[in-house]
Amino acid sequence: MNIIFFVFAFLSSYTFHAVSCATDFCVADLSLPKNPSGHYPCKAETKVTVNDFVFSGLVEGKPEAPFNVGLTAATVTNLPGLNGLDIAAARVDIGVNGTVPMHSHPDASELLIIFEGEIIVGFITPTKAYVKTVKPGDVIVIPKGLLHFVINSGAGKAVTFGALSSSSPGVHVHDLLLFGNDLSTSIVAQTTLLDEAQIKKLKAKFGGKA
C-alpha cells in the first residue's frame, strides 16, 4: 500500500510539475529594470498578447566590416516571452572570407547549427583548441564562457543558426575589449607583448584611443 501511494504521489507531482512548466510564463515588462536574478518583472497577464511570444526579425543580416559578418538575434528585448526561460536564438550570415571574431558568452552555452556553406568553428581552453570544419546538417556545442570563433572557409556565403542558454546572453568580443577603448597603447603592449605599431593600427580600426 505504501509503495502504491508513493508511486501515485510521485506521478501526481510529476504531472503537476509538467503542466506547470508547460503553461507558466513571465512575459517581460521592458519598462522596468531587471531584478537581481537578471530577469525582468512580469507584465500583467491582462496586457500579455500573442505578439509577446513572436519575433519576425530572425532574417538575413547584412555582412558588415571589418569582419564581413551580419547578425540578427531573438532575445528578451525583442521577444519578451523569453523572459525567465533561459534561451535565445541568433542567425549569423558570413560573407566570403568573413569571420566571427574571437568572443565569449560569459553566461551562456551555445548550440551552433550550420545551415548553409562551410565554416571552420572552434573554441579554446587554456591547454587545447577544439577546431573542426563543418557543413550543413552539422551541430556543434560551445561550452559557456569559452573563447570561440567562426571562419567562412567555403566558396560562397555561410549561414548558421544558434541557440543560447540565456534569454539575454552577454558577449565579450576580444578585439573590442583590447582595442576599442581608452586603455593606453603602452599598457596593452606590456600586457600582451604585441608591437605598439600594430596596437595603434588596431585601435584605429576598432575606435580605440592611443
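Cβ coordinates come from backbone N, Cα and C, glycine included.
What TrEMBL lists as signal peptide is 1-21.
Annotation for CYS42 (disulfide bond): same-chain Cβ neighbours under 8 Å, separated by at least 6 residues, are CYS26, VAL27, ALA28, ASP29, ASN83. The feature disulfide bond is assigned by TrEMBL to CYS26-CYS42.
Here TrEMBL flags 56-200 as domain 'Cupin type-1'.
A simple way to gauge crowding: the CB of HIS148 (Mn(2+) binding site) has 22 other CB atoms within 10 angstroms, across all the protein chains here. Per TrEMBL, Mn(2+) binding site is recorded for HIS103, HIS105, GLU110, HIS148.
The oxalate binding site annotation in TrEMBL covers HIS105, GLU110. Counted within 10 Å of its Cβ, the other Cβ atoms near HIS105 (Mn(2+) binding site) come to 22, all protein chains included.
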Counting every protein chain shown, other Cβ atoms within 10 Å of the Cβ of GLU110 (Mn(2+) binding site) number 22
